[in-house]
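What TrEMBL annotates here:
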DOMAIN    6-319  domain 'FAD/NAD(P)-binding'
DISULFID  43-48  disulfide bond
BINDING   52, 304  FAD binding site
BINDING   175, 176, 177, 178, 179, 180, 181, 182, 263  NAD(+) binding site
DOMAIN    339-445  domain 'Pyridine nucleotide-disulphide oxidoreductase dimerisation'
ACT_SITE  437  active site, proton acceptor
Ligand code: NDP
């Protein structure tokens, strides 16, 4: 008989926590999970999944325009935000149910309440009950970081954007990262007037600058307004429910919603970490070693709460590696090199490996191959939007250091190209591969 109630207590049923719970249970551990919101976490409930569905929903606006050019008459077309919103949220409910079933089928006990650390092997639930476990895994994720200005309480974050009563006619988006650019694209496509307010003139900082410039050019062509080097001084709510946004420069802007997307911070407030000596960094992220172990021997952490790479597949790998290491007798670490990523703007952009600037800084002599082309799909696009693919190659070894692209379906194409970059292939390997014609992806084997 164990001295503890459980072998493993997982705090947080998001992507990392659920994977860790399921795999640990399959290794024979007795597992419990506590979740204060909904099973599925950010990705499933208020992130990647519903966002991508909104992207798909919003893309019909453009596709319907193309359809008419291809000979289809579509009479009486109109858009109903509530129908899209409810369809998306119903699917989120379905996925939440599937996640719960996964936990049940692995005999993981679920506590639908907040948990905090009471000691190295003790968790305190919101109900007051204390539960002990041989190991504790903190997988509570991150939360939108809201800046401090008068009237910020009138603004929304990505948590609320999926539940809006009305589609905003006029939307301000604050920030220049993933969430800002993706929602600017969604609401622009749905017909809202969108203004992006960014504190510098750089957006999507980690992506290749040329690709981002193309994205900006296309976004402006589609009517998204950008106010660079700007920040909100205050927001006031008017009697008719609109928001007056003072940017400190000219007349206040009148909008229906202000979406704040200025990063996400680890959700460590009030978690009781001090009760077990779990150390954090200056940003409030839990410090872990390569095996996800915190400064307390019995407590581990994975996912956004550790602020290593805030991406779902990374949290899942970390959760899996934790379970194999601690309960599967198979110590494993996560390889953080060459993580592909994408921004689901319209069109989307995607990248893997080093950007041109980083490659030049690290390797000195690099070759850049590119293709700047008009996708056949865009034949009827009134703005003549062009795709751009880039491959960065180390001149000495001829190995590919990075691939970056913008254009329709680029995340789908990049995922496969990332295998080649990860495998250390050279540009010659791409040149040796026959083109698949006609496709956009063939540009990758025809780069000059
Ligand atoms: P990001 O880190 O992507 O971007 C934050 C943006 O806000 C940057 O432009 C940053 O500017 C700006 N900013 C930061 N602090 C302030 C401030 N105090 N005032 C004004 N502007 C500020 O964060 P997001 O919130 O967009 O997304 C959070 C995370 O979620 C991402 O890092 C990503 O890992 C993940 N995510 C991934 C997606 C995907 O894979 N497609 C989609 C959505 C989210 P600066 O550059 O100057 O620092």
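A Cβ is built for glycine as well, from the same backbone N, Cα and C atoms used for every other residue.
Sequence features annotated in TrEMBL and their locations in the structure.
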| residue | record | Cβ neighbours (10 Å) |
| --- | --- | --- |
| 43 | disulfide bond | 23 |
| 48 | disulfide bond | 16 |
| 52 | FAD binding site | 14 |
| 175 | NAD(+) binding site | 23 |
| 177 | NAD(+) binding site | 17 |
| 179 | NAD(+) binding site | 22 |
| 181 | NAD(+) binding site | 29 |
| 263 | NAD(+) binding site | 17 |
| 304 | FAD binding site | 30 |
| 437 | active site, proton acceptor | 7 |
Cα-to-Cα gap, residue 175 (NAD(+) binding site) vs residue 304 (FAD binding site), nearest whole Å:
19
8 Å Cβ shell about 175, 176, 177, 178, 179, 180, 181, 182, 263 centroid, NAD(+) site members excluded:
173, 183, 203, 204, 261, 262
When you measure from each Cβ to the nearest atom of ligand 1, which of the recorded positions 175, 179, 181, 437 fall under 6 angstroms?
175, 179
Out of 43, 48, 52, 304, 437, the recorded positions in the record, which is closest to residue 263 (NAD(+) binding site) when you go by Cα distance?
304
Helix, strand or coil: which one is residue 181 (NAD(+) binding site) in, per DSSP?
helix
Mind looking up the mean pLDDT for the domain 'FAD/NAD(P)-binding' (6-319) in the predicted model?
97
Show me the subset of 177, 181, 304, 437 whose Cα is within 10 Å of residue 48 (disulfide bond); these are the recorded positions I mean.
none
Among residues 175, 176, 177, 178, 179, 180, 181, 182, 263 annotated as binding NAD(+), what is the maximum Cα-Cα distance? Answer in Å.
13
